[in-house]
Every structure is written in C-alpha cells, then in structure tokens.
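A.B. asks: Sharing a structure with you now.
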Amino acid sequence: KMASASGAGSAAALWSEVNRCGQNGDFARALKSVNKILQISKDDVTALQCKVVCLIQNGNFKEALSVINTHTKVLTSDVIAFEKAYCEYRLNRIENALKTIQSASQQTDKLKELYGQVLYRLERYDDCLAAYRDLIRNSQDEYEEERKTNLSAVVAAQSTWEKVMPEDLGLREATYELCYNSACALIGQGKLNEAMKKLQKAEELCRQSLSEDSDVTEEDIEAELAIIHGQMAYIMQLQGRTEDALQLYNQIIKLKPTDVGLLAVIANNIITINKDQNVFDSKKKVKLTNAEGVEHKLSKKQLQAIEFNKALLAMYTNQADQCRKLSASLQSQSPEHLLPVLIQAAQLCREKQHAKAVALLQDFADQHPANAAEIKLTMAQLKIAQGSITKACMILRSIEELQHKPGMVSALVTMYSHEEDIDSAIEVFTQAIQWYQQFQARTNYSCCVFQPKSPVHLSLIREAANFKLKHGRKKEAISDLEELWKQNPKDVHTLAQLISAYSLVDPEKAKVLSKHLPSSDTMSLKVDVDALENSHGATYVRKKAGKLTGDSQQKEQGQGDVKKKKKKKKGKLPKNYDPKVTPDPERWLPMRERSYYRGRKKGKKKDQVGKGTQGSTTAGSSELDASKTASSPPTSPRPGSAAAVSATSNVIPPRHQKPAGAPATKKKQQQKKKKGAKGGW
C-alpha cells in the first residue's frame, strides 16, 4: 500500500511537470516526464496521447506514428484519428491520411481542416472548395482569415490547372496572401496586366505587415517576397520580356530561399528561356529541380513540365540515351500525351532517322485517334523537310476534321501549285466547297429555316474561281463565278469578272451580261470636289500636274524651233597634256602592238642569267640563291619549326605582305634604338 501511494504521488508530480512544460512549449522536457509516467503505467491512454503530441511538436512524425500503430488496442481511431492522419499527411502519405480521416466515427473541426488540406494536395479542387466553404460557414474563431486564404488558393489552382473561370468569392484582399492568390487566378485567365498590379499590391502589403515587427530584418522580408517576385518574373516571361524575367529569376536564386519548390520552378523557367542556347547554365539549373522534397511541393502538371524540359535538355546536349529514357518514362506515365512522342521523334530526326520518326508518329496516331490531327501535322512537316511535298499533301488530306478549314485549303493549294499539280489543287477546293454545302443543308434541315450561305463558303468559291482563271481553266471558273453572282446579283465585282472570263470564251455571252452592268449615272458617287482638291494628296498631284502642263505648253510653243542638242560633258585631260603637241594616234593600242615598239632594252644584269660559257658565274649569282634570302620560308620545315604553315589557311595573303625593303628598315630602327639605349643585355 505504501509503495502504491508513493507511485501515485510521483505520477501526480510528473503530470504537473508535463502540464507546466506543455504550457511553456518545452515539449522535449515534457516527453521525458511522459515516458516516466508510462514506465509506471504503460497502457495509460492519456500518457500515450501526450507522448504522440510531444513527438509531433518536436517533428518526430515517424516515431509518433509508430507509437500509434503499436498501441492500436488502446489508441483507437476515435481517440487518436486526428494525430494519426496528421502524421501521415506530414510524411506525405496523403492517400493514407484521407482513409484515416474518412474512417473516423466523428468528424471534428480539426479533422475537417485537415481534410481540406488533404484534398488540396490530392488536387481534388471541387471537393476541397466545398469543404472550406462549409468550414467558413460553420466556424467562428481567430482562424477565419487563414481559411479564407486557403479558399482563395483553391480557386487560383482551379483557374491555373483546370482552366475553370473563378467565381467572385467576395473576399476582402486585406492581406498579401489573398492578393497573391487573386493574382494567380488572374494569370490562369490570361489577364497578365491585372495580375501584375495585384502582385505589386501584395508586395506593398507584405512589406508593411513585416516591417511592423522589429525582429524582422530586410533579408527576412526579401525571403518572404521571393515567391511574389517569382510570379512577377513569370508574368514578364509570358509577356515576352525575357531579359527582365531572367534578371529577376537570378536575383531570387542568389537569395537562396529555403523553399525547394520555388527554386525548382524558377530553375525550370530559366531553362525554358535558354532553350537550346546556354546549355551549360541549364545543366546547372536542372540540379535545383532534383532537390529532395520537390515532388511534394509542386502540382502534377508542374512536375510533368519539369520532366519534359529535362528530356528536351538531354536532346539539346546530345545525350540521346538519356533523352530516350526520359521520354519513354513520360510516355508510360501519360500514354495519351503528345509531348513525349514528339520528343522521341525529334531525337530520331537529329540522328537523321526520319523514316523511323514518321513510323513512330504514325503508330501513335493509330493508337490515339483523338490526338491524330496534331501528330499528322508533325508528320507532314517532316515530309516537307525531306522534300516529299506530295506525300505531305496526302497526310494533310487524311486529317478529316481539318480538310475544310481555310488555312488547310490554302496550304494544300499552295503545295500542289508548287508541284504543278493543278488538278489536285482544284480538287481540294471542290471538296471544301462541297463540305460547306452539305453542312449548310444539314443546318437548314435541322432548323427548318432558310439560312444564307456562310462567308467562308463564298470566299472559297471566289478563291477557286481566281485560281482557275490564273491557270487557264476558264470554263470551270465561269461556273464558280455564276454561282457567286446568283448568290448576290448586285455584286458588280463578280459580274465584271464573269464578263471578263466570258469575253475569252463566248464574246456574245459577255455582251449580254454587260447589259447588267450599272450605267455611269447610277455609279456616280457624291464627292465633295473642293474638299478632295484641298486634301494633301491632291495638292501634291496638282503641283506635279502644273509642272507637266507648263512643260507641255513650252513644247507646243516651240514646235517650229529646232531641237537643241544636249551639251556633252568635257572629258578629263591628262596632267601632262600639251595642246601644241599632236597626240599619238596609236595611244589607244597596247605598247607591244604599236609600230614603233622595239622591245625591251638589253644590257641589264638580270637579262644576262644563263649567258656565257658553261659553269661560269655572274656577279649577281648570290642574289639568286634562295637559301640566302630572309623572306623565303624553308620548303620543308622541321617538325615543331616556327616556319611551318598550318592547313587552316593562316598564310598571310599577298596583298597584306610587307614590301621587300621593310626588314631592312626595321633593322635600321633597331640599331638606332640600341645606340640611344642605356645599359645593355
């Protein structure tokens, strides 16, 4: 009895110690006291709960979860559901945390708060939005501002990742977090200028709120502003201000923020700016995207974008195997996504394997018909690059959903014209016009109301007619023009084209149609002649006309006069010209062809080379010794000799060589310098 009484007394003292440490926030010391209590009573539910809480407060989530799992009989889900779910959430076991919350018998406010966080991490934004709305509606405490911030973050995520038009929540943007989330929602809608203004407001509010705390330094403020500045740089990048964006991105990296998610996003954005340039910088930046914990900080689409850029960087740095490995992994994760297969095709093209690239794209198009259009456009581009225009046209014409589009029709007609296949070009026009006619018929039938033909349809007919006229298909063009004229009998331009076409085929028909042209009286326009004459263009024309009329009047007046010859400019005479001396009549002939040419004078030493008896030498023979001249390099230099000439055309061109006398003058200058120098070697 005495032993049990002393044990109870020590336990009470330990509990008071736990309570005191808990109030002071000293959870490490509280944990020691709880462990002593558990030595006295190992299955004490309250002590076990306190131990779990102390471990969570100290950041030991694994140990806390281990305690919960080893005492499942005592710590039931009703007792410890929140703590267990929170540990799983912090350990990034999000699916397990969701199951724990859903299996709890009673949904407390704490569990609902955690439920909202879990749904956000799972990117179930609709459910998350409903959960936070319920929390805000049914709770009144000091955490209302935080809940509104989380609610705005959900709306921003929907706008950014799901392209959902955000609804107006009526939140008063009194904090920089709310302003920041509102800016993110605007970016998702493409309202970049408005988003930039919101971010500037968020920056101002952040500085105001943090500067009120005397313990916060300027470095702390800059660290907090890093995420706002990062979003500003992203807007600059979207607006095409890449230099400004790059400068701001690098400033953030220099601050070395602790948020690995922010660093990964900034590094990825810098890589996208670099593209295939500055790859060494990109290889450095890509390391920031591989930091530990990045996968838990970013959304699935952000992580996917980073992986795509890694594959592209591997391609740009000629790491073919790495590029194939990354793109294959991405394709296995997202089989229907276009980018992995496009990266693989691009890598094959870099390796000059165009046939394999086209086959790869064709297989993907067959397996995923929904994405076939974009893939076939890429295949056609590859065929055009290879010079196979006709095959490219066949691929483009196989895209049924794009056959009738004006852009596709224009591209096909241009390509067929390049190949001089006029029949196929006309067939493209015909099929597109027929598609619009059938579509119009279906629309009229379903609506039971007559509707005028679409402007696209009529413009296609007009373009077809013009094309046929250009290539001599007059009869076919006439049928198109008649169709256009029937649709709009008041169209004078079409009627004029029709008359012009008939004049080449059936002049009588052209005369009949010309009667439908409006008379000159009906075509007169109400024009203010005075205003037209006083306009800037008319003044210029009038001045020119005045000059022309003046010239014509002078010509008319002097019709009887003899036309004056234009004065020829005097030619330039040579400097030694003497008017008293008669010029040489043979001065235009080359010297050798003139009658008085007697050849070059004899008697010079250089003309005596090779003359005289065999074996005799002349006084100038030493000058002919090539080995004694300083300017001629050796014909076969020794290995490592300075006179050797490389094969990369480093030889100085003849017009840049110095004259033969230059070395001598250089020696004289050196001798003068030596005379004037003090001291010596």
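Glycine is no exception: its Cβ is also placed from the backbone N, Cα and C atoms.
TrEMBL feature annotations, pasted as is:
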- 94-149: coiled coil (COILED)
- 563-573: compositional bias 'Basic residues' (COMPBIAS)
- 575-596: compositional bias 'Basic and acidic residues' (COMPBIAS)
- 627-644: compositional bias 'Low complexity' (COMPBIAS)
- 665-681: compositional bias 'Basic residues' (COMPBIAS)
- 543-599: domain 'Signal recognition particle SRP72 subunit RNA-binding' (DOMAIN)
- 542-681: region 'Disordered' (REGION)
- 226-259: repeat 'TPR' (REPEAT)
A.B. asks: Just to be sure I understand, if DSSP states are collapsed into helix, strand and coil, how many residues of the repeat 'TPR' (226-259) fall in each?
C.D. replies: 26 helix, 0 strand, 8 coil
A.B. asks: On the DSSP side of things, how many residues of the compositional bias 'Basic and acidic residues' (575-596) fall into helix, strand and coil, could you say?
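C.D. replies: For the compositional bias 'Basic and acidic residues' (575-596), the helix, strand and coil counts are 3 helix, 0 strand, 19 coil.
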A.B. asks: Given the model, what does the mean pLDDT over the coiled coil (94-149) come out as?
C.D. replies: 90
